[in-house]
Amino acid sequence: MAKTPGGKPPSPSVPGRQQSRPGAKPADRALKTRLRTAEGRTIGSQRWLERQLNDPYVKEAKARGLRSRAAFKLEQMDDKFRLLKPGSRVVDLGAAPGGWTQVSLARGGAKAKVVAIDLLPVDPIPGAILIEGDFQEQAAEDAVLAALDGQADLVLSDMAPNTTGHNATDHLRIMALAELALDFARRVLAPGGGFVTKVFAGGSEKEFLATLKRDFAQVRHAKPPASRKDSAELYVVATGFRG
């Protein structure tokens, strides 16, 4: 779910066939799905596609009708921290394509209220309230609170910036997004509520954690199993909003 805040006003809204290598044995082909190098495809993009095709979480997400492998990260964090309760009122920031929204609905039950907001359009998700817009805008915040009919129990953010490959720059960018998400959470959370956001390891997250500890009773780091080992991403899970 990679989205960088922009300035769009909110509006509610309820590659080809692969061929086997000549002479390849069926047993060889069964070991691992591989892609032939295509003209114009970089080595990096080919490796990414191969990793996706062989990722068990990608396969399981497809089998279960989940929109992204990231859905498993939220499931695993919820299993550990019990974030999603029956009837929860949840805001999913930067929700596209909607995996976290799906999990929030499934675990919150029939009485849950889940609002998904993103600059990008999100295909309809039964039971979810979708807002296309910038969560920093007052009109968007008002729309979220109106849709929830009150304050939120949980604010989620799996937002990440477009990465540059420069670790320090990417770290600062995602921390800026996390700060914006926290500012939003402070305004919409009910006392006792929770907040989950993605960060990249890099140093300044320690200062961010210190800030969170002033606002929440408990603050913890999480690296769910579905988070790739070579990824710098971590999640911060804060509960017991002081209001």
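FYI, residue positions are counted from 1 along the chain as it appears here.
In case you wondered, yes, glycine gets a Cβ from its N, Cα and C as well.
Of the residues proposed, Asp79, Asp118, Asp170, Asp183, the one TrEMBL records at the same S-adenosyl-L-methionine site as Gly98, Trp100, Asp134, Asp158 is Asp118. Trp100 (S-adenosyl-L-methionine binding site) and Lys198 (active site, proton acceptor) have their C-alpha atoms 13 Å apart, to the nearest angstrom. A gap of 16 Å separates the Cα atoms of Lys198 (active site, proton acceptor) and Asp118 (S-adenosyl-L-methionine binding site).
Neighbour counts of Cβ atoms within 10 Å were taken for the binding-site residues Asp118, Asp134, Asp158; the minimum is at Asp134. The record assigns Gly98, Trp100, Asp118, Asp134, Asp158 to the S-adenosyl-L-methionine site; their largest pairwise CA distance measures 18 Å.
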